[in-house]
Amino acid sequence: FWITFLLFFMTGIAIVLYLNQTPYQPRERDYSYAGSFYAFCIWIGLGVGAIARAIEKYGKLPGIAAGAIATVLCVLVPLQMAGQNWDDHDRSGRYMCRDFGANYLESCEPNAVIFTNGDNDTFPLWYAQEVEGIRTDVRVCNTSYLQTDWYTDQMKRQAYNSDPLPITWTRAQYIQGTRDHAYLIKRVEQMDLNQALEWLRSDDPRTKTVPGVNEPIDYLPAEKFVYPIDSNAVRQNNAIDPQDAPMMARELLIDLSGKQAIGKEAITILDMVVTNNWKRPIYFAITVDPNQFVRLDPYFQKTGLAYRLVPFSTRAEGARPINTEKMYDNVMNRFKWGGADKPGVYLEENTMRMCKSYRMYVFGELAQALIREGKRD
């Protein structure tokens with residue numbers, strides 16, 4: 001008993017006390033306590049044997065008969081559990097993880113790049129591409145992994161129908177321990193983004209020296225950066241809808257004021273924006289932490305479950321923060337709902353939360369945008 005009890009305690013209650021998990025975890029954590037389930041099953045097995053022994057002893061029955069009676073009595077327990085819990089755990093007809101992951105990809109134009117953040121917002125997209133072959137032209141780029149050199153190596157290679165990402169840095173320039181972050185030390189009011197990246201890429205000691213700092217550091221001498229927009233490249237690559245063309249800006253202003261430093265992932269994203277020069281559509285998934293936007297969000301236009309980087313400020317008067325034509329087409333014709341649209345499919349707590357997010361941030365925002373444009377039908 002005590003050996004089994006120690007196994008039950010150390011893999012159950014002790015883990016609860018040690019982890020002290022907060023409410024609203026991103027997924028069920030039952031697997032953390034799998035060892036305690038095994039221990040309890042051992043107790044159940046011992047209990048069945050004890051009941052059979054008692055029936056044999058006090059009921060004066062043969063061992064086989066006593067065992068059969070004990071089994072029939074005890075099998076009622078799992079049957080009761082199944083009866084009470086089957087509907088709560090029935091996943092038949094529910095494919096939301098697969099479909100919702102594919103919906104992120106369907107929000108993108110061909111040959112696009114979509115930045116994601118975290119595992120729940122990335123792995124379903126990988127599954128859709130690698131297992132089911134959905135939208136393999138879109139390159140999924142996880143900003144969390146983009147801080148590592150091995151992942152940047154992967155992004156510079158062809159993957160299925162997706163071309164390598166437009167990263168100009170050599171491996172020696174982004175290898176672990178090199179340019180892991182860049183401090184923002186304001187010495188000029190603003191700086192051309194191309195020049196800023198060249199400054200950061202340089203090994204010239206003068207670009208690493210700051211008065212009052214006794215050792216070389218990677219830094220940028222400004223907090224605001226200007227990226228001139230190549231209008232010819234924008235038009236040639238259809239990077240702007242004709243309806244939005246009058247709003248095209250002359251430059252993107254990336255204001256990093258208030259930040260002390262930016263990480264390697266932000267540096268790499270900015271390098272891709274500059275190198276890409278509007279050739280490939282660049283998106284950020286709507287689930288990405290705004291801190292990962294590198295202050296590009298004034299130039300985001302929503303197309304579904306992703307924001308597209310566009311060459312104009314969507315916060316300017318008269319601009320469209322939502323591309324209603326594309327988003328409507330995506331929602332009505334391209335998106336799939338994984339069974340949420342079918343009666344009888346059980347939607348548990350986490351799935352309901354995702355559906356509520358769709359209601360608020362997809363259907364709700366699209367409906368409001370259509371109303372503002374006078375498209376009430």
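Numbers here mean position along the shown chain, with the first residue as 1.
Placement of Cβ uses the backbone N, Cα and C atoms for every residue, glycine included.
According to TrEMBL:
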| type | residues | note |
| --- | --- | --- |
| TRANSMEM | 6-24 | transmembrane segment |
| TRANSMEM | 36-55 | transmembrane segment |
| TRANSMEM | 61-79 | transmembrane segment |
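Long-range Cβ contacts of the transmembrane segment (6-24) within its own chain (Cβ-Cβ under 8 Å, at least 6 residues beyond either end) map to 32-36, 38-40, 42-43.
Taking Cβ pairs closer than 8 Å, the transmembrane segment (61-79) reaches residues 44, 47-49, 51-53, 55 in its own chain, all 6 or more past its ends.
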